[in-house]
Amino acid sequence: MKQRAMRPKSGDQSGSISRSSSNAQKNDRLQERLARAMVKQNAQGDGTDSSSPAGISPVTSPVPSNGARSSMDIESSLGSSRKDITSPRDSISVTPAVTAPRTSHDSSSSLRNSVDVVASNPTDKDTSASEPTSVPDLVETESSPVPTEPTPVSAKSLLESGSAPPNEEEGSGGLSQAEKSVEDSAVQEEIHGYIERIDALQSKLKYLAQEAAESARNAAATAEPGSTDKQLREKDERIALLLEEGQKLSKTEMDHRTLIKKLRQQLAENSKLQTEAKKKNDRLERDLANSEAKAKRAEAAEKRAAGSLSAQTKTARDLEALTTERDALTQTVEEMKSQLARAVSRADDAEAKANSDALEREKQRADKLEEELSSARIEREIAEEKLRREITSLKENVEQEKEKARVLEAELKGEQSVLESKMESLRSRAEEVSSGAAGDAQVKLLRQIETLQTQYAVASENWHALEGSLLSRLANVEKERDEVSRREGEARRKIREV
């Protein structure tokens, strides 16, 4: 009973260690499997018990078959061991002095792994807490050791694991397809055996959980209502139902993980096959390219050899012709060099003469432009002075004419006012005369009025004509001044260009 009571506690501690060091457990299980295979191989190769150390035997780790984590660890250990296990054809025998220390170390690792695997089942703890009478028996049943068949491995993979030279990797990669398929089928059969055991134990655990729930339900029904015993029975019933539900969920989770693992393995195998096919294709393409290059080089060498034979005689004939042609060309080149030197000297002389003539012409042109500029400046000054005098005189004339026009306008306005007064007086007289019926006098007055109006219109026209002539003369003078300024600017621009 003490041993059964201590199992949940040790299971909690080792379960936490197992969850925190899953990678270490995988490596330890792999070492355990390799050690068992090595011991079996040595026992078969030597044929006597004296060749191996006494006290060393294949160690089997008890595996609880209802834990999802333990099943996944078994499959991962089998998958990892399959990578390192080689065929018996490539394995070699190892002396007992080399295998004995390693086997002892692996045996201790296997003992530690067996404790971790037993403690990795999380449902034992809950079942023992809910039903202390039936669950320990279940733990004893589930913790029965599951024997594993050792597989022969090579001594090189044991002694030099992790640092195998390239030739050993090539040897392990050169296994035939038949051997690999046999090994894979053996591993798959072993995995299926484990899965069948796990399913059987899970169904048994499910049955026991249902039985515990039924017994708790019956006890709760028979207990007195409202009593502490009834409450405890109801709690036990709920715990049993929760355990049953947890068992279903764990089974579903294990199925899902198994499916995911299978899919991952299939994906890894497919990717590996694709990689190998790609490498093989690349290698074939490289070989094909090398073969084509070699063929092209051979054809080119053959063509060169065939052409060189015919080219040698032709080269000899061409060499003589080229020699004579070279001599003739050399003489021609010498003559052309002398002609070129004479032409260069003549061109230099002509260029120097042309430059001197152009410089002289530019100087003369510059002098001429300077003279034109000075004369244009003098003419401009004279024209400006003349224009100033004309403008001054015109301004004076304009002022005089304006004064005369003002005086004339004042006189005309005075005459107009006088004439208007006369017209008013004549109008009044005409009205008076019209009242007296004096027709002749009225006609005379009307004629005088018309005469005065025509005189006023003529005077206004004369004033407007005089003002327009003065304004036109002023505009002409301003245009002449602008033209002189423009000519001066053009002359300065020409001088700057020169």
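Indices start at 1 and increase along the chain as displayed.
The backbone N, Cα and C atoms fix where each Cβ goes, and this holds for glycine too.
The region 'Disordered' feature in TrEMBL is assigned to 1-187 (among others).
The compositional bias 'Low complexity' feature in TrEMBL is assigned to 11-22 (among others).
Look at TrEMBL and you will find 26-35 (among others) tagged as compositional bias 'Basic and acidic residues'.
The compositional bias 'Polar residues' annotation in TrEMBL covers 41-80.
What TrEMBL lists as compositional bias 'Low complexity' is 141-154 (among others).
Taken from TrEMBL, the feature compositional bias 'Low complexity' covers 211-224 (among others).
What TrEMBL lists as region 'Disordered' is 211-234 (among others).
Residues annotated as region 'Disordered' in TrEMBL: 268-367 (among others).
Counting residues 6+ beyond its ends, the compositional bias 'Basic and acidic residues' (275-305) has no Cβ neighbours under 8 Å in the same chain. The compositional bias 'Basic and acidic residues' feature in TrEMBL is assigned to 275-305 (among others).
Taking DSSP states H, G and I as helix and E and B as strand, the compositional bias 'Basic and acidic residues' (315-328) has 14 helix, 0 strand, 0 coil. Here TrEMBL flags 315-328 (among others) as compositional bias 'Basic and acidic residues'.
What TrEMBL lists as compositional bias 'Basic and acidic residues' is 345-367 (among others).
Across the range of the compositional bias 'Basic and acidic residues' (345-367), the DSSP-based residue counts are 23 helix, 0 strand, 0 coil. Under DSSP, the residues of the compositional bias 'Low complexity' (211-224) split into helix, strand and coil as follows: 12 helix, 0 strand, 2 coil.
Each residue of the compositional bias 'Basic and acidic residues' (275-305) gets a DSSP state, and the totals for helix, strand and coil are 31 helix, 0 strand, 0 coil.
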